[in-house]
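According to TrEMBL:
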type    : residues                                                         : note
REGION  : 1-20                                                             : region 'Disordered'
DOMAIN  : 35-44                                                            : domain 'Uroporphyrinogen decarboxylase (URO-D)'
BINDING : Arg40, Gln41, Ala42, Gly43, Arg44, Asp89, Tyr164, Ser219, His333 : substrate binding site
SITE    : Asp89                                                            : site 'Transition state stabilizer'
DOMAIN  : 152-168                                                          : domain 'Uroporphyrinogen decarboxylase (URO-D)'
Amino acid sequence: MSERTEPSQQQTGRTAAHDSAFLRACRREPVPHTPVWFMRQAGRSLPEYRKVREGIPMLESCMRPDLVTEITLQPVRRHNVDAAIFFSDIVVPLKAIGVDLDIKPGVGPVVAQPIRTRADLDRLRALDPSDVPYVTEAIGLLTAELGTTPLIGFAGAPFTLASYLVEGGPSRNHEHTKALMYGDPELWADLLDRLADITAAFLKIQIEAGASAVQLFDSWVGALAPADYRRSVMPASTKVFDAVAGLGVPRIHFGVGTGELLGLMGEAGADVVGVDWRIPMDEAVRRVGPGKALQGNLDPAVLFAGREAVETKAQEVLDAAADLEGHVFNLGHGVLPTTDPDALTRLVEYVHERTAR
Ligand code: CP3
């Protein structure tokens, strides 16, 4: 008897989304229009988000499949974006393996006991699917609701996770993190390798539950010089991409302030490289090299400038991206919390209309 008599839920979800504009662009295939989604589209810019989150702490909301499903769907309903992004946070897998941390409103993730010694590292154990049953359950609910709209899973990249763990919270200069990286390369390599395993496991769980693509957020990696990135960070990020390479979903790689790192980020192994707003897409593609799709890159602050300016700047992005093998339109970083949601809806409409073929 065949082991697979009926298609599993994840196969159904991915099959339905397979020909979506978003997944086609990631695979560098022809598209009916340039697909659009926004980093941080699910969140505080939406009044319906603030309403369902009332009185519920951020981490608790990530552990409730009903809430995760509702919040993930809100921007899809409202903006007609081409993909949903799973509502969670990069620190959720760390919390799930017992790291004492919280997400403080207006601050970000705060870690009670920062990791700076070998003994601290020993506290970081491997992630097992049974640590995050709410993730598997929420993705099952979501793929059933989303139909042909793909769901993007995500995780924090080893460097960005290490920065929160070593600093103990958000940091401007990453001085403790860099002190460990430069001062104790062996402990640093072991920390990043451990985080790579946790991140890879978290992405696999999401893909096996039905996510159609994954994004690795290396938000703060732009703080590094290229040689340090290559030596001390890239091996861990590559390990993550390699671990999910055979699972048949596009892998997106994003960081902020990464103009000088784009070539190496391309080499690290993703299928799609995210670009922030500081580099035009035609220059970004020269730096990344052939064989990759690009994602980006409207400055999120442009959305505060009024309709005409938004359209002018969005058109500049589209023009600069005209010759790419694959383009996923996005902002150059996450939606800012005070953004007018209608400006986002109009931007989706604009990109769809201007690129319809
Ligand atoms: O993109 C989405 O819509 C999906 C949800 C998502 C969240 N965080 C929800 C969230 C994603 C993809 C993330 C990733 C994340 N979290 C990153 C990488 C992306 C980036 O912005 O560079 C980082 C660095 C974090 C860590 C983190 N979590 C920060 C810096 C903050 C903001 C703190 C604040 O209040 O200003 C969070 C909290 C967080 N994560 C919120 C949301 C919607 C806000 C919490 C709230 O609404 O109370």
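The backbone N, Cα and C atoms fix where each Cβ goes, and this holds for glycine too.
Features recorded in TrEMBL, as mapped to the structure shown.
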| residue | record | Cβ within 10 Å |
| --- | --- | --- |
| Arg40 | substrate binding site | 17 |
| Ala42 | substrate binding site | 23 |
| Arg44 | substrate binding site | 15 |
| Asp89 | site 'Transition state stabilizer' | 18 |
| Tyr164 | substrate binding site | 25 |
| His333 | substrate binding site | 23 |
Entries of Arg40, Ala42, Arg44, Asp89, Tyr164 (recorded positions) sitting next to ligand 1, with Cβ under 6 Å as the cut-off: Arg40, Ala42, Arg44, Asp89
Rounded mean pLDDT for the residues that make up the domain 'Uroporphyrinogen decarboxylase (URO-D)' (152-168): 98
Residue pair Asp89 (site 'Transition state stabilizer'), Tyr164 (substrate binding site) - Cα distance, angstrom, rounded: 13
Summary of DSSP states over the domain 'Uroporphyrinogen decarboxylase (URO-D)' (152-168), given as helix, strand and coil counts: 10 helix, 5 strand, 2 coil
